[in-house]
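These come from TrEMBL:
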- 1-15: compositional bias 'Low complexity' (COMPBIAS)
- 1-39: region 'Disordered' (REGION)
- Asn70, Asp170, Thr191, Lys192, Gly200, Lys201, Phe202, Gly203, Leu204, Gly205, Ala206, Lys207, Lys526: ATP binding site (BINDING)
- 408-567: domain 'DNA topoisomerase VI subunit B transducer' (DOMAIN)
Amino acid sequence: MEMESSESPIETTTTNKGASKSKTTRKPKQTASLLKQKSPAEFFSENKSIAGFDNPGKCLYTTVREFVENALDSAESISELPVVEITIEEIGKSTYNSMIGLADRERVDEELYDDFETAKAREKRLAKEARIQENQAKLAALGKKLKEPTSAKVIKGRAQASFYRVTCKDNGKGMPHDDIPNMFGRVLSGTKYGLKQTRGKFGLGAKMALIWSKMSTGLPIEISSSMKGQNYLSFCRLDIDINKNIPHIHLHEKRDLKEHRHGAEIQVVIAGNWTTYRSKILHYMRQLAVITPYAQFLFNFVSDAPDKNVSIRFSRRTDIMPPVPLETKYHPSAVDLLLIKRLINETSKQNLLQFLQHEFVNIGKAFAERLIGEMGPDFSPKMLVKSLTSQQIVRIHQLFRQAKFDDPSGDCLSPAGEYNLRLGIIKELHPEMVATYSGSAQVFEGHPFVVEAGVSVGGKDVKQGLNVFRFANRIPLLFEQGADVVTRTAMKRINWNSYKINHTQDKIGVFVSIVSTKIPFKGTGKEYIGDDISEIASAVKISIQQCCIQLKSKIAKKIHAREQQERKRNLSKYIPDATGAIYDVLKEMTTLRASKKKRYNDEDAELLDKVSSRLITKSTLMEKLKEHVEQVDYEMALEYATHRGVADEPRESLYIQSLRDENKFVDFQSPVFVFRLFQ
C-alpha cells in the first residue's frame, strides 16, 4: 500500500509490504565553491591555440617564426644588418629517449597500440594488393600504360610523434646576463611593451615555445648570449613553472667568450610535424626575405635520411635598413578610462596642465589650457593630477572623445620602404615588371598607419592568377587569407582589365604591407586584418591602384612594342617575294630598253643601266628593302616615344637623406635605385 503526502516530494515516505524501514530521498550536500586563479603561463598552456600553437605542425611553424622575428628585432635595434641562421634537426624516438634518460622497450602486448592491424584488416589489405597486382598484369599483357601503384598508407601512432631540435642564431644585441631567466621563463614580461610598432602579436615570443617544449618533451630551453663590449658568454638552461609563472633555472653561468661576436643562440626541443608544415615554413622564409631584403637568412633542415635534407640561403640584396620604430605617446582619441587612470598613476608630472602636455600627442600648452577651461569650474591648470576623482577622470575621458584633435604623425612608424619592397620582390620572384607605392601616414581610432604596396607581373614560382602576399608590421601573414582586407580588395574591388592586366591568365603578385602602432587583427590567432575598417580598406585599394597605374603605362609600351615587332615581322616575311617581283619588273624594263621598244627618262635609264651591269642584283635589292623596313620601324618608335611615352611615364619621387655628423655618405633614394655619395 502506498501513501502519498501533500508535503514536499523530498519528504515523501513510502512503505513497502514486509519492509521494516522507510526510505527517504537524500538532499544534495551544499559545498562551498572554492575561488581559484590561474597564472598567465597556465592560461596559455591550456589555450595554446590563441598563440598559434594549434597542432604539432603549427607549433613547429610558430616556434620558427617567433625565433626569427625576435632575431630580426634584436639586430635592427642596434642598426646591425641581420644575419639569421635557423636549423630544424629531426630527432628519432631512440635519440629522444636517450636525451631524457629513458631506455627503449619492445612492445609486449601489440593489441594495446592504436596502429595495431587486426587479422581481418590485414586480410583485407592483402586482398586489395593482390587485386592491384592482377590488374597491373592484365594491363601489361595488353601493352597498355601501367598506372603507378599507390603507396600503402602508413598509420602513425600517437606514440610515434616526431621530435625536432630548433636552433636560431643571430647577430643582434644579445641579452643582459641577469635578465635572461625572466625574459624566457616568465610569461607576459618583455621589452616590447609600450605604444610602438612591433613585430610581436602577444608578447609571448619564445616563452610559448618553452611552454610547448615542457608540454611535449619536458626538455628545457638553452640560451647563449653575448652583448657588445662583454668579455664573457652568458649561458642559461631553464624551463618554466607553469603554475607559478616563474623560471625554473637548471644552469645559469658566465663562460669564456671564444670568438668576439655579439648576438644570441636559442635551442629548444619540441614535438612537431615537418611533413605537413614544410611548405608553410619555407613560404614564410621566402616572404620574409621579400620584406627584409637587407637581411641574410640561412635555413637548414637536417634529417637522418639525406634525401630529406633542405638547405636554403636567402642572400642580402641591400644594406639600406628602415629606421628603428620609435615609442610614441597616446593620442587622446584612442584612450579609455582604465588607460587614463594608469597614466595618472605612472606620470611624473605634478599638475593637470603638465600631464596633458607630456602624456599625450598633439596637445600643446595653449590647447591644454583650452581643454581644462572646457572641463568645468572644478578643474584648473595647477591642480594636482594625482588628486583627480573618478568623476573628474570620466569628465576628461568624455571630453577626449568629443573634442577635435590633430591626427598623429607617422614619424614613429618604420615601413619597409618602396626601395626595399621593390628589391625584395625582384630578388625572390624575378618578375617581368614590378611597380611599388608607399602611401602617406593615415589614422584609424587615433593610431597612425602606413600602407605600402607592390604589384608584379610574371616571375618564377608564381601561379597563374592573383597571388596575394600580406604583411603586418613587416611580418608575413600566411593563414586565414580569404577574410583579409588585402585579399578582398585585390579580388573584388580592383578592375584589373582597366589597367590592361588579365588577372585570370597572367601571373600577378600583389604585395601589401601595413605598419601601425596597433594592427587591428581579427580572430584569436591574429592571422588576418579585418575588412571592417574603412580607413585601412580605402588606403589598401588606393595603394594597389597606384601600382596598377604605373604598370598600365609599362604594359601599354610592351603591347605597342609587340605590335611593332609583329608589323616588322610581317613586312620582313614578304621581302623575298616583293624583291623577286620588283627585280623581274626591272629585268623586263631593261630588255625593252635594249630593244629600243620603249624610252625612259634619265633617272630611270640610270637605274636600268645598273641592273644590266649587275650593280643592282636581287640580293642588293633585298638588303635595301630590309634597311627601309628598319628605318620606318625606328621612325615610328621614335614618334611614339616623343608623343606618348614621356606623357604616360609616372613621375617618381627622389628622397634625399638628411645630413648627420656621423654619416660619411649621403643617400639619394628613389623607388628604383639608391645613389650613394661618399664625402
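Each Cβ is built from the backbone N, Cα and C atoms, and glycine gets one as well.
A TrEMBL annotation is a machine prediction, not a hand-curated record.
Taking the Cβ of Leu204 (ATP binding site) as centre and 10 Å as the limit, one finds 24 other Cβ atoms among all the protein chains shown.
In the shown protein chains, 23 other C-beta atoms lie within 10 A of the C-beta of Asn70 (ATP binding site). The Cβ of Ala206 (ATP binding site) lies under 8 Å from the Cβ of Glu66, Phe67, Asn70, Phe184, Ile221, Ile266, Val268, each of these being in the same chain and 6 or more residues away along the sequence. As a whole-number mean, the pLDDT of the domain 'DNA topoisomerase VI subunit B transducer' (408-567) in this prediction is 89. For Lys526 (ATP binding site), the Cβ neighbour count at a 10 Å cut-off comes to 19, with all displayed protein chains included.
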